[in-house]
Amino acid sequence: MKSCRIKGFGYALAKRRVTNEELSTFVDTNDEWISSRTGIRARYISEEENTSDLGARAARMAIEKAGIDPREIDLIITATFTPDQTTPSTACLIQEKLGLNDQHMMAFDLNAACSGFLYALQSAHAMLAAGQVKCALIIGAEVISKQLDWKDRSTCIIFADGAGAAIVRQEDTQLRMLHFAGSMGDAAGVIHSDAPKPRPLFSAQSYQPSVVCMEGNATFRFAVKAMQEAIEDVLAQAAVSIADIDWIVPHQANVRIINNVCKRMHIDKEHVYINIEEYGNTSAASIPLALGEMSEKGLLKPGMKIVLSGFGAGFTWAGCYIEL
């Protein structure tokens, strides 16, 4: 088994910042209603850029921070549920935008909704450990705004656009990276975005895009339990306690969910990174976006122990313990 290490993080935001006040001009809501229920005060919305554009920008930052030659990359995994198109994969489009089309590599998308980055990180780690690849670019990127019903205040106030990325490379190290992942079919559709509706054969009927739908109370109940399970599992694998962890980086879905998990697990919020107030819920991008921002602020240092935890549609949930 080969060992590996995270070498650098990056992130990218859509260009337009939309505050709660601006949102309230065309949605029946206001700043107090949104912030008190979600912790969100602003979000970034793409007007022209698509998922691969944001993903490529985050990737370039991660490559720069890692200090590697991009031609070392032989694996790109993009976690997203909002790809540019059904096919080709967003990962292949990002490969092209990075100028790596002449490089021999594997590039593919992965859809585990908001857990996607953690699923992608575990998948890449397995391939690195097996010696199948040597340097992985892992991206979480979303342009969710194109799949929102802007009259549905249960969703349009929450979701946003963004991307985060990490470079993970084979390296002779004793540093550990431990994973947990779970899934459970959600036939009831608590969180879902439908596939295109079937059309009559040879019909000229226009394509009707789907929108994101979510049942908030059921999502909350699942999320708190799932995130706690993921954190407890990776701590047990690492044989460490919550007091040994320098940072917990949760999926930025709703500040109430994060607060509830902290209360149940007696976690000091001084060690929990929260940026949902500024960025909203960027799904698969939220955890790597947070890591990229933390790295830029100098909050991540060698020797630190961090725990990542997320949940999403599927249902899916996941955790990761990382020694930097």
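Easy rule for this one: first residue shown is 1, then count along the chain.
Including glycine, each Cβ sits where the backbone N, Cα and C put it.
In TrEMBL, annotation is done automatically, which means it is predicted and not curated.
Note that the coordinates shown come from a computational prediction; the quantities given were computed from them, not determined experimentally.
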Of the ranges 112-116, 162-166, 252-256, which one does TrEMBL flag as region 'ACP-binding'? 252-256
Among the active-site residues Cys114, His251, Asn281, which residue has its Cβ surrounded by the fewest other Cβ atoms within 10 Å? Asn281
The rounded CA-CA distance in Å from Cys114 (active site) to Asn281 (active site) is 9
One should report the C-alpha separation between His251 (active site) and Asn281 (active site), rounded to whole angstrom, as 8
